[in-house]
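J.: For reference, Swiss-Prot lists these features for the protein:
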BINDING   Gly720, Pro721, Asn722, Ala723, Ser724, Gly725, Lys726, Ser727  ATP binding site
Amino acid sequence: MQEDTIIQKNLFAIGNDINEQKKITKIPENLSLEDLKKESQKRPRQRKNSTNLINKFKTDLISNNKNVCINEESYSYKTVSKLKLTPVMKHYVTLKEENKDRLLLYRLGDFFECFFEDAVLISNLLEITLTSKDAGKEIGKIPMAGVPHHAMERYCADLIKKNYSVVICDQLEKSSGNYGTPIKRGITRIITPGTVIEEGMLIAKKNNWISAIYLSEENSDESYEWGISKADVSTGELITLEGQSLSKLFDEIIKLDSSEIIVGSNTARDLLIKGNSQITYTVSQETNFGINEANYLIKNYFQIANLEGIGLKNLNNATRSLGGLLNYLEKINPSNLDKDSSLKISLDFPQIQYGHNKLIIDYQTQKNLEIKNTQRENNYVGSLLWSIDRTYTCMGARCLRRWIDSPLLNVNEIYKRQNIITNFLESKKLRIDTQNLLRAMGDLERLAGRACAGHASPRDLIAIAEGLKKLPRLKSIIELFKYDLPDWTDQLKNIDEGLLELADTISFKLVENPPLNISEGGMIHDGVDNILDGLRNLMDDYSEWLNKEESKERKISKISNLKIQFHKNFGYYISINKSKVNLAPQHWIKRQTLTNEERYITSEIKNKENKIFQIKSRASSKEYEIFCELRNIVAEKTKQIRSIAKSIASLDALLGLSITSVENNFIKPSLIPINDSMTKNSTKIIAGRNPIVEQLLSDKKFVANDISFEDNQKLIILTGPNASGKSCFIRQLGLIQILTQIGSFVPANNAEIKIADRIFTRIGAVDDQSSGQSTFMVEMSETASILNQATSSSLVLLDEIGRGTSTFDGLSIAWSVSEYLAKKIQCNTIFATHYHELNYLKNTNKNIQNFQVLVEQNNDQLIFSHRIVKGGSNKSYGIEAAKLAGVPKEVIEKAKSVLNSLEENNKLNYDIK
């Protein structure tokens with residue numbers, strides 16, 4: 001028998017050295033069960049115990065150092081005795097006890113370190129080395145892992161993305177240089193997923209919400225009362241709402257799209273997890289949701305006498321949630337960790353979100369219409385937002401996203417947005433000028449937020465100044481606009497002069513391209529501060545001295561290419577080529593030898609070096625002081641900057657919609673108010689198109705279709721085979737409705753749109769395994785929700801009902817639902833169905849009309865035209881569709897035979913119209 005070989009050091013079956021080939025016995029194949037049992041007995045396998053990370057650390061520590069004594073208490077901050085710890089570790093444990101649920105990064109020299117359990121955890125999360133540190137004679141080694149201080153933000157971003165909160169303990173003073181002298185350290189930052197403000201931790205075009213939920217203590221679904229408040233700390237936006245019933249709360253929670261959700265107890269968290277186990281909640285038991293505490297916190301934070309002025313009167317649940325949110329933010333706010341700091345998280349007055357002033361789009365409808373992400377892959381590309389977003393700023397992109405979440409009901413507000421788009425469409429020059437202004441505009445909302453929190457860099461302030469300097473040119477553009485405009489345009493017409501003065505102040509004090517590291521200096525202009533100018537003059541003198549010293553040493557040594565250079569570790573030194581070593585004078589002191597270079601120092605250079613360092617240090621400190629004062633000035637203008645930024649964001653969103661209109665031939669729709677009893681007109685669209693599908697069909701022409709809910713015919717029965725375009729058509733109507741109510745133009749040749757108070761969809765269904773509901777039960781639950789909540793002003797889009805049960809049960813349910821919608825609710829409805837029998841409803845109800853997807857049949861081949869025409873289809877074409885899918889011919893023939901038999905026995909005696 002020949003033997004197979006395992007060839008080492010080579011993955012491609014050719015050994016580098018035949019002696020390195022290790023021979024093994026050929027592996028037997030096709031063993032029976034008995035053979036496998038014998039094999040198991042011949043070579044029994046040993047059970048391996050699971051090894052957690054702490055045990056692995058112990059094992060590695062012992063193997064690396066045989067003399068280490070393992071002490072169980074040294075692996076957890078909870079069990080270690082603080083009396084036995086070194087002063088530094090005692091301080092670490094004290095801080096960790098105050099932040100049990102957060103990772104603590106503790107500054108030691110050039111690293112931020114973690115110890116005990118945190119070290120083991122971050123070594124795994126960040127894939128960094130787990131090592132050890134001596135914590136005292138009686139404790140011995142403890143786990144340690146750390147990251148370089150200059151890379152701390154990048155590593156924190158990774159931890160935040162994994163939904164961890166981080167506490168930063170930094171050095172509050174520089175080392176004195178005396179070994180053994182303790183350095184003052186303290187918490188300078190608490191970073192949680194919902195409170196990050198750093199640019200690298202945020203998604204530029206998306207809000208980063210933190211939410212707090214107050215939940216009443218009730219026992220039944222419908223009796224639960226709740227309040228939700230959510231804030232974007234980076235932009236200052238604050239929204240609050242309240243409601244009743246757990247089912248509505250669960251839907252709102254999914255729509256929150258929050259990075260962090262705060263609740264006040266484990267009981268509340270456990271109850272909310274039942275609604276959606278995929279969402280993580282932060283339990284903050286020290287956060288108070290009491291009504292009295294909330295009243296005090298809100299009035300104190302916003303500096304108001306009562307809650308009526310901000311719309312919270314009699315909204316106790318919303319008030320409680322807002323109080324809880326402010327309480328939580330107060331506890332983790334960096335400014336509260338530094339009592340002398342005047343900086344804080346700055347939030348706008350709360351926007352009260354009522355159900356009666358916005359188009360309500362529940363989570364299921366958002367998902368079915370693929371408003372912000374695709375349904376199957378959860379991708380941005382292929383969503384409605386993707387198809388219309390042509391914004392130039394991050395502020396504008398976030399604004400457009402918010403508009404899509406909450407479209408308008410007020411036709412006057414919609415008209416005003418349309419008027420901005422009309423102005424842009426009527427003047428290409430106006431459009432291009434605005435594009436050029438906004439193209440390089442910084443994110444003023446978040447830049448101001450960083451300044452307010454004390455984290456803005458010099459480059460952030462420069463970006464703020466550059467943005468504010470564009471305000472006069474934006475004003476001149478707005479003044480050219482015609483028609484009735486939104487209120488926010490007044491801010492751009494009447495610019496706060498203080499903002500322009502602020503921009504000038506920043507430009508006067510900061511250089512155009514300041515360094516990234518603010519401790520290096522070089523960020524403040526000359527002529528800003530007399531003391532700084534004096535220090536810089538001295539530095540220039542010493543620089544001139546160094547040049548003269550370099551010339552002098554060249555003459556003494558006769559080395560023409562000699563240079564005096566600087567190294568951050570060695571200071572100033574004389575550098576010469578190694579070939580010139582024999583020319584080095586005796587007063588030179590050798591400092592370092594490199595491959596092609598020799599480095600020396602002299603007593604004169606060393607003497608001057610100390611003085612240069614002192615002056616540089618004083619100059620850098622002075623620059624930092626001037627910069628911090630400037631940053632505080634900017635922080636005081638945070639609300640004004642953010643307010644003007646929101647106006648710019650709205651302008652950008654509408655500019656983007658105008659560009660979308662130009663690119664895709666959108667038109668301005670006419671509007672019918674929601675409570676207009678003077679007209680019987682309803683939604684009518686000529687040559688409407690699906691904005692998403694049309695853009696995805698790059699090589700094909702989209703087939704446009706008409707739709708009309710006229711003459712009180714509120715319900716449309718839409719029939720046609722699979723893949724013919726029914727789902728695309730009903731989604732198309734929903735998308736056009738949303739576009740209309742955000743103020744956009746729409747993809748059609750002509751459109752008259754009745755404003756809707758809510759959009760309901762029931763499109764497709766799958767098992768809900770988490771709640772144990774079958775496909776049919778999910779479908780029926782969604783249908784029940786629509787029938788119980790829809791009003792005559794709603795838009796209902798149904799794609800199949802009754803598929804998960806028997807044919808006659810399903811048909812009966814679909815029939816009854818259709819009649820209920822047409823007769824009782826009387827809202828605009830499209831019902832796409834395979835039950836062509838539903839076409840007969842038109843004969844019994846004047847509120848119902850039939851439409852079908854036109855299909856041509858040629859020699860048993862289906863040809864889809866994707867055209868929607870009046871009249872019902874008398875065939876479902878299911879067998880033909882099965883044939884197209886590749887079902888065997890024998891099955892197809894049998895299906896035809898069965899169908900003929902069923903149709904003869906169950907034929908309804910009506911003519912389809």
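Using N, Cα and C of the backbone, Cβ positions are placed for all residues, glycine too.
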J.: Would you count the other CB atoms within 10 A of the CB of Ser727 (ATP binding site), including those on all shown protein chains?
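T.: A count of 19.
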J.: Please name the residue among the binding-site residues Asn722, Ser724 whose C-beta has the most neighbouring C-beta atoms within 10 angstroms.
T.: Ser724
J.: Taking the Cβ of Lys726 (ATP binding site) as the centre, count every other Cβ atom within 10 Å, in any protein chain shown.
T.: 25
J.: Quick check: with Gly720, Pro721, Asn722, Ala723, Ser724, Gly725, Lys726, Ser727 left out, which same-chain residues have Cβ atoms within 8 Å of the centroid of the ATP site Cβ atoms?
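T.: So the additional residues around the site are Ala832, Val853, Phe864.
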J.: Cβ-Cβ under 8 Å from Pro721 (ATP binding site), same chain, 6 or more residues apart: which ones?
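T.: For Pro721 (ATP binding site), the qualifying residues are His834, Val853, Val855, Leu862, Phe864, Lys875, Ser876, Tyr877, Gly878, Glu880, Ala881.
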J.: Can you give me the same-chain residues 6 or more apart in sequence from Gly725 (ATP binding site) with a CB-CB distance under 8 Å?
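T.: Gly725 (ATP binding site) has long-range Cβ partners Val703, Val853, Phe864, His866, Ile868.
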J.: Measuring CB to CB from Ala723 (ATP binding site), give everything in the same chain under 8 Å that is also at least six residues away in sequence.
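T.: Ala723 (ATP binding site) has long-range Cβ partners Phe864, Ala881, Leu884.
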J.: Please work out the number of neighbouring Cβ atoms within 10 Å of the Cβ of Gly720 (ATP binding site), leaving out its own Cβ.
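T.: Counting Cβ neighbours of Gly720 (ATP binding site) within 10 Å gives 26.
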J.: According to DSSP, folded down to helix, strand and coil, what is Pro721 (ATP binding site)?
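T.: Once the DSSP labels are grouped into three classes, Pro721 (ATP binding site) ends up as coil.
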